[in-house]
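Novice: Found this in TrEMBL, in case it helps:
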TRANSMEM  47-66  transmembrane segment
TRANSMEM  87-108  transmembrane segment
TRANSMEM  114-133  transmembrane segment
TRANSMEM  145-165  transmembrane segment
TRANSMEM  185-206  transmembrane segment
TRANSMEM  239-259  transmembrane segment
TRANSMEM  265-283  transmembrane segment
TRANSMEM  310-329  transmembrane segment
Amino acid sequence: MGSVDGDYVSDIVFQRSISEQFGAELAIGPALALAVGQIPSSGYRQTLLSVAMVVLVFSSVFRFLAFTDRFADPERVSRLTVRPLQISAIICLVQIVQFASIELSAFVPSIETVGLSLLITLLGTVLFILGYESVFQTYRFSWGVLYYVKVVSITQSIGMDLGDVDAVTEFINSEDSIGDSMKTAVSLLLIQVLRAVYVSVAYFLLRNSIPEEEDNPYIDELQTWVDTHRDQKPISDRASIGFALGISGMVVFPVYFVLSWTLSWILGPVLTVLGVVVVMRLLQHVVNVAYISFGGLRYDQVLTTNARSVAIDAMYTLVVWVMLVWLPFG
C-alpha cells in the first residue's frame, strides 16, 4: 500500500473520478468567490480580492480543461496551479474572517483585530472539521490512511525491522568508522521516533473510523493493522497520542516561532505575527481539506516538510498580514 503514488489516499478514501474532482472545483472556487464578492471593499484591498477571485475561478476552469483534454499535461498543470489556487482561496477566507471580526468587534472591543480573527478562525476551523466529519465521515479516516502510508513508506525505505535489535546492531557495526557508526545510530533513532509518531497518529485516527466494506483489500489491510497494533501497543491510547503530539509540538512550534520572529523584524510584534501565522495555517488546512476531499489536489502536493514549504508559509503569512493589518477593511 505504501508504495503507491501520491494519488493513493484520495483515490481510495474519496473514490472520485477525475471529472468529478475537477467538476467539484468548478463549484468550490466560484462559490467562494461569489460569497466574498458580497462583502463590501475598496481601494487596494478590493484590487487584491479581485485578483484572488479571478485566479480562483479561472484556475479552477483551467485545471478542469487541462485534465479533460487529450493532449495537455495534467500533472504539470496541477503542479503549477496548486499554489495560486491555495493562496487565492486563503485570501478569500481571510476576507470572510475579518468581516466576521469587524461585526463582532463591537461586542468585544478589548480584543484587537488579529486576536479576534484568530479566535474566529479557530472556532470556524473546529466547526468545519466537526461538520465535515459528521456529514462525510472521512476526515479522521483520510488522515489516518495518510499517516499509515507514511508508516509503511518509512519501513520500506529502511529495509529492516527497527525492532530487531540484532539486525540494527549489525547494520550500525557495518560502518567503516566509529564516527559513521554513531551517525547511523543517531539517524536510526530519529527515524524510529518519527515512525513512532506516525504509528501513534495513524492508530488514533483509524481505530474507530474505518468504514465497513466487504471484499475491499485496502480496508481489510487497514483493519488488520489496527487490530494488530491494538494488541501489541505497550502504552494506553491517551499516552500514545500524547507522545505524538508532544514530539510534533517540539518540532513544529520552534519552526513557526523562528518564522514569526524573523518576520517580526519587518512586520511587528512577534506574538502578533505568530497569531497571523496560526490564522494562515488554519485557513490553509481548511482549503487543503476541501480541495483534496472534493477537488483534484493531492496530499503530496500540499503537505511538504522542507525549506521550500517554510518559504511558502512565510509568503502566505505576509499576504495574510497585509489583509489583516495593513489594508483597511471596507
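Note that Cβ sites are derived from N, Cα and C of the backbone, with glycine treated the same way.
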Novice: So, do the transmembrane segment (114-133) and the transmembrane segment (47-66) meet, by the test of 3 or more Cβ pairs under 8 Å (sequence gap 6 or more)?
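Specialist: Counting Cβ pairs under 8 Å, fewer than 3, so no.
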Novice: Cβ under 8 Å to the transmembrane segment (310-329), counting only same-chain residues 6 or more beyond its ends: which ones?
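Specialist: Contacts with the transmembrane segment (310-329): 41, 43-45, 48, 83, 87, 90-91, 94-95, 98-99, 102, 113-114, 117, 255-256, 259, 262-263, 267-268, 272-273, 276-277, 279-281, 283-284.
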